[in-house]
Amino acid sequence: MNKDFVVTIDGPSGAGKGTLSQLLARELGATLLDSGALYRLVALSSLDKSIAVDSVDELAVCARDLDVQFSSSASGVRILLEGRDVTTAIRDERVSMQASAIAALEPVRAALLQRQRDFAGHGPLVADGRDMGTTVFPRADFKFYLTASAEARAQRRYAQLVAAGETVDMARLVADIEARDERDQSRASSPLRPAPDARIIDSTELNIEEVLQQMLLHVSVPGGAC
Ligand SMILES: Nc1ncnc2c1ncn2[C@@H]1O[C@H](COP(=O)(O)OP(=O)(O)O)[C@@H](O)[C@H]1O
Ligand SMILES: Nc1ccn([C@@H]2O[C@H](COP(=O)(O)OP(=O)(O)O)[C@@H](O)[C@H]2O)c(=O)n1
């Protein structure tokens with residue numbers, strides 16, 4: 001087994017990718033790539049700079065020049081955009097919708113591609129997103145596609161946002177999630193779909209620990225299965 005092995009976790013919003021990729025990375029001693037955060041950062045930066053969604057060239061420059069730092073802290077990974085802590089700001093629903101819109105633009109995806117690939121090759125990597133197993137790391141060692149019913153995903157997201165102190169309109173949240181799913185799946189450039197060699201896990205009826213155990217069953221690392 002390659003010491004720089006790559007595990008990819010793709011799937012729709014609220015399927016549990018972020019949660020499971022963190023747990024799996026901890027179990028495997030791997031670095032984490034939260035590719036959605038990169039799209040969210042371009043979205044936030046473009047909203048801050050009032051760049052319109054149809055200004056494709058400007059958005060691509062924004063993605064290419066993104067000044068971002070991921071720093072570990074006691075409360076988890078903090079994300080800095082041009083030195084400003086935007087860890088919470090990028091999770092805002094307005095940013096989610098903007099991220100989904102700009103993620104459909106091929107020049108933006110192309111501008112982020114190498115930045116994502118650069119995470120590999122420095123030890124094991126767990127990469128979370130929509131096209132990790134299809135486009136960014138097509139030769140990954142282990143690929144997962146995590147999904148759950150739209151209702152379960154919306155309920156999870158609702159609980160997560162309420163716990164973070166936000167006021168959430170459930171009907172709006174469901175509509176937003178469905179709109180993002182539709183856009184992610186139907187775009188021409190790297191649409192959301194399982195890689196042919198991905199293991200599909202439906203977590204609708206599974207808790208987080210059960211999903212983690214299923215994943216660990218299929219990831220074997222040097223020194224034996226873990
Ligand atoms: N299998 C599960 N059962 C219950 N809650 C879950 C499960 N997987 C994830 N969650 C919760 O759902 C919310 C969304 O999960 P997250 O990992 O952010 O999803 P994603 O990254 O796919 O959008 C989080 O609050 C997380 O704790
Ligand atoms: N590899 C990726 C990751 C995210 N994205 C886009 O970026 C948006 C935000 O990604 P995310 O993973 O943070 O979203 P959630 O699953 O947390 O809702 C998604 O709605 C996708 O449109 C993408 O197109 N490709």
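A Cβ is built for glycine as well, from the same backbone N, Cα and C atoms used for every other residue.
A TrEMBL annotation is a machine prediction, not a hand-curated record.
The Cβ of Thr19 (ATP binding site) has 18 other Cβ atoms within 10 Å, all protein chains considered. TrEMBL lists Gly11, Pro12, Ser13, Gly14, Ala15, Gly16, Lys17, Gly18, Thr19 with the feature ATP binding site.
The domain 'Cytidylate kinase' annotation in TrEMBL covers 7-217.
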Of Gly11, Ala15, Thr19, binding-site residues neighbouring ligand 2, Cβ under 6 A: none
ATP site, defined by Gly11, Pro12, Ser13, Gly14, Ala15, Gly16, Lys17, Gly18, Thr19: further same-chain residues with Cβ within 8 Å of the Cβ centre: Leu20, Leu146, Ala148, Arg153
Neighbourhood of Gly11 (ATP binding site), C-beta criterion under 8 angstroms, separation at least six: Lys17, Arg130, Phe144, Tyr145, Leu146, Thr147, Leu192
Protein Cβ atoms within 10 Å of Ala15 (ATP binding site), excluding its own: 24
